[in-house]
Every structure is written in C-alpha cells, then in structure tokens.
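First up is the structure itself, then whatever we jot down about it.
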Amino acid sequence: MPVITLPDGSKREFAHAVSTLDVAADIGPGLAKACIAGRVNGELKDACDLIETDAELSIITAKDEEGVEILRHSCAHLLGHAIKQMWPETKMAIGPVIDNGFYYDIDLEHKLTQDDIDALEKRMLQLAKTNYDVVKRVVSWQEARDTFAARGEDYKIAILDENISKDATPALYHHEEYTDMCRGPHVPNMRFCQHFKLMSIAGAYWRGNSENKMLQRIYGTAWADKKALSTHLTRLEEAAKRDHRKIGKQLDLYHMQEEAPGMVFWHNDGWSIFLELERFIRRKLNQYTYQEVKGPLMMDRVLWERSGHWDKYSEAMFTTSSENREYAIKPMNCPGHVQIFNQGLKSYRDLPLRMAEFGCCHRNEPSGSLHGLMRVRGFTQDDAHIFCTDSQVQEEVSACIQMVYDTYATFGFENIVVKLSTRPEKRIGDDAMWDRAEEALKQALRDNNIEFTILPGEGAFYGPKIEFTLHDCLDRAWQCGTVQLDYALPSRLGATYVAEDNSRQTPVMIHRAILGSLERFLGILIEEYAGRFPTWLAPMQVVVMNITDKQADYVEEVVKFFKEQGIRASFDLRNEKIGFKIREHTLRRVPYLLVVGDQEMENKEVAVRTRDGIDLGKMRLEDFATKIHQQISLRSLKLLEE
C-alpha cells in the first residue's frame, strides 16, 4: 500500500501500485487531464509508470518547464511519425530536445525542400489532432534490436550496439504504427503536442564525426499553447532583425572569411567598440586593484601536461613545433598566470594577488559550431586569477560578484540568473575543504543579496563555481561571467607562498571572468542594442553635415573642435541633399546628427538631432560638447532628450 506524499505535504494512501496519472485522477479530473508526467522521488517518470512503494510525487503539467521539455521531446517523435508516413524508406537517427525546441537527424536520399517541411508540418498536425495515446513498452535489449532490425533502422541498432548494455531494458514508445526508442518520459497523449512549428533544415554528420555520413537535420520548436508559440516566433523575427552578423555587415564592423575560420577581421568601427570595451574593463580592474599582465601566446607542451590541460583538452588546442619542441597555442590564460606568480618568493602579506589579462586565446572548435562572433576559434578573454588564502576566499568572491553586477548594469543588463555548482562525485580534497569552499561562495552571494540556484554535483573536480547568466531584451540567456575556485592547478604548477608561521602553503586560485569573450560579448551587445550603441560605445558619436559648400570650412572647424574635446566626430561634405545625408547616417546609427547652415555658421552653433529623429534645436558648440561629455562619463544608455 504505497503512501504518496505531494509537494504541499499532504499524503494519499493507495491499496495497490499506482501511476502518476492514477494519483492525478484521484485528486481531480482537471489535473488528470493536464498530467504529462511525474517527478517520483526526484526522478522524472512517465505518467503511466507504476509507483509500488512510498514516494514523494510532483505532478508535471504543461505549466511546468519540465512539462514543456517533455512535450518538445514528444514532438520530435511526432516528426518521426510523420516522416515515416511520407517517406517510409527514411532511417531515423536521433531526435533530442534543445533550447526552445527539438530536432531530428534523418537519413533520406531525397533532399528535403521548404515545401517538404511545410507538408511535414501539416501531416504532424493532422496526426496530433487525432489525439492518439502514446504507448510505452519496456523490453529486453534483444527485443528492441529485433524491432528496429525488422524496420531497417540501422542507426537505432548502432545506438543499441554501441551505447546500451545488453542487460538493459530499453523503453519503446509506440505512436500508432511508428515506434521510437528513448529514455523518456513522453506525453501520454498527443493532444499535448499541437502547438509547434518546423523551423529549418541543416546538414549534420552522424555522431558529429565528419568521417561519417551527412544526415539531414530538421529543427522545430514546440510550446504548451498557441500564445506561447506566437510569442516565441515573434521574438525570432525580432532576433533575425538584430542578428549581429547582419548588422555587423551593415555597419562595417567586422568580417570573417574562409581562409581564417572562426577568426575575426575587425574593421575600424568594430575595433573602436572593442577598444572601448577594453578601456572600460581596464578602469574596473584599476578600481578593484588588479595587476594587468600579458602572457605568451604559446607555451611548450610540457607545461600543458603539467597543468593537466593536455590530457583533458588537447583535441581543442592548436599546436605547432619548432626545433624538435612541440608547442600549444593557449586556449586559456591560467597556467601562464601561475608562472608569473611563481617568479619571486611570495609572502602571505602579498595576498590576495589579483592578476588580470586581456588574453588572446584559441580553441579548435568544430567548424559546424562556429557562429559569427558568438562562437569563434580566436577570442580575447577578460580573464583574471586571484591568488589568496582560504580565509580570504569569501571576501574576494564577494568583490568579484560586485564587479560582475556593476559591469552588467552599465550595459543595461539587470536580469541576471545565478547558479552555484557544488562538489561532483569525483573530486580532489576532503569534505571539510569542500564544505568551507561551498559555504564561502554561498555566503558571498548572500552578502550581496543575490538569489541563486544550487546545481548539485555540477562543480569541477578542483572546486565549486558560480555562473552568471544574463538575459537580454528578447529574454535570451547568455552565460558570460564565472567565479571558479581552484584547489588543484596552483599545486600542479608549484605555486606556494610563505605563511605567517614560515611554512610553505599552496594558495587558493580564483578564476574570474566577467564578459567572458570580448568578441562574444560584443556580438551580444550588437543584438541587444540592434546596432544603436549608447554614445560612449558608439564608434562614431557625432557626424556634422553642411547644407551648402559655403559652410564647408565651418563644418571642418566644428569637427576639429569636437576631436580636440575627445569626441569621436566626422563630417559629411558631399554635394548631396541634407535629407539624404541625414537618412544615411541615421541608418549608420550615429547617435547625433549635426546640421550646419548659414545661421548656425554665423552664430557659431549647430542644429542637433538624434538618430531617433528628435530635434534638440540649436546649441553652442561648448554647450553640446559639455552635454555629450556628461553622457559619456556617466555611460548613459539614453540619448539627450528635448
């Protein structure tokens, strides 16, 4: 007689084994209709799975994030069902859930077109609207293999042969005549899967290996209701307008080319923004008392072996050789910073020692994963490492948290999600060390009034970690900042200091990044601002335009004055109508468009308008320069107003 404990603490006793669906029905018909799955003793289970002993149960519905993920996974199976009806010869590979949706990789000789995708979507909806039940069967490994062998599903057989133990009992999910294999859970009925859209087609190698066959990957998105789907599609339309690759080209910020995949060619205006970001972070480093250092771009393989990176990271490292020595181009800065720390004897009085670098790093990311500035092979980290004692960890982490929030607020990011990853099963050190480390991070977060979620077991083997994920204007999540404790690397590379009792001790190392990759963060900013950078970041802050040739000399005089004031200014003396010039520079997203006619020239003034079309009237040069300087010094996100 299992006793089921619900989230509110209430208990229900049953005379026999029950499923989540049975419990939901016992509570009420509305909940039974909404039930998608259950979380039984912390583990997600299908709604039909029997609970035979006392258990804690949470009933999952489409209102829960987990419920939406489950219906997305079931939509992948629905896609498989439709594909096999339309092209029975298709061989199905894998169909996982991804952010906001799902995909399925298929082996089909026919090359799918957009018309095919539209037809597939229509067939999926027809199938889902029949509201058929999804039937789960748990079978032996051999029965699962025989089932897929009879259907010619070579990829499912490969998964069974290579990834699943012969002692296992795989779950098969039957969608009428279509059968798929999955860990689950899945929706009990396809009425939950009626708000979806197929988004695109791409190529994908089986198992991500370019030596394997290229498959066709169909991407889709799925949501709990029509409104959520519509909202998501609207956001995607807005995201497409804000795509940093498109805006980067329009504004002539940067380019990339095949001869240097994943490497950025910065143009003048893009590099101007990059340098402004760097200057801003450099001021923060000075404010928080960091040393700025610069390490070599590549180091001998021996050092990477000692640090442990060679064993765990060598596939992602670019290497070269010279004079019978093998070198690796650095994928990260930390081993180099330990080498700088090791120069000269350090005392406990020297700690904490905060070391920062704008480190140029390279990682051999798969070519298929490269995406504009967001995923590159060559990038600059605003990386820092703090060497400190155990007793200093909490205070140092607290300062890092303040620095992260100060920085993000400057760019207008206020919705920050914080997660704390704690000790994994395989780890160095004893429980007492981990207790101190985790408590120090928790207390630092509490001291800053930061709400956080704990991710049990997700920390690195060498220490716990805090992750900062910012949400942009389209509510997309970008994980940028990290604060990571490291109790391993200083020891591996021989870092020590002389303690107060004259003993040699190993410092704790705190890895700290705020923007992460400057390239990626700049890509995020391009999309956040849609290219309309605040004045302090804008590559060109002011453009001055004449109405006739008569004002040309005065325009040049005005621009010279602004440049002497440290304002990024240019002129447009082309023999074009002033309306044409204004439109062109508005499209370039220049914050301030200054027009000069005879009257302005005579009175030593400029007529000021913003890129938003707001007419600010006439101003004396000194007055306008003062207002702009104030905007820049405050790093205001807004332009001047009437």
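Positions of Cβ are set from backbone N, Cα and C atoms, glycine also.
For 1-61, the entry in Swiss-Prot reads domain 'TGS', with the evidence type sequence analysis.
For 243-534, the entry in Swiss-Prot reads region 'Catalytic'.
According to Swiss-Prot, the feature Zn(2+) binding site maps to C334, H385, H511. DSSP assigns C334 (Zn(2+) binding site) to a helix in the three-state reduction. Within 10 Å of the C-beta of C334 (Zn(2+) binding site) there are 23 other C-beta atoms, taking all protein chains into account.
Counting other CB atoms no more than 10 Å from each candidate's CB, the binding-site residues H385, H511 peak at H385.
Surrounding the centroid of the Cβ atoms of C334, H385, H511, where the record places Zn(2+), the chain contributes additional residues within 8 Å, namely M332, N333, H337, D383, A384, Q484, D486, L489, M509, I510, R512.
Secondary structure of the domain 'TGS' (1-61) per DSSP, as helix, strand and coil residue counts: 14 helix, 24 strand, 23 coil.
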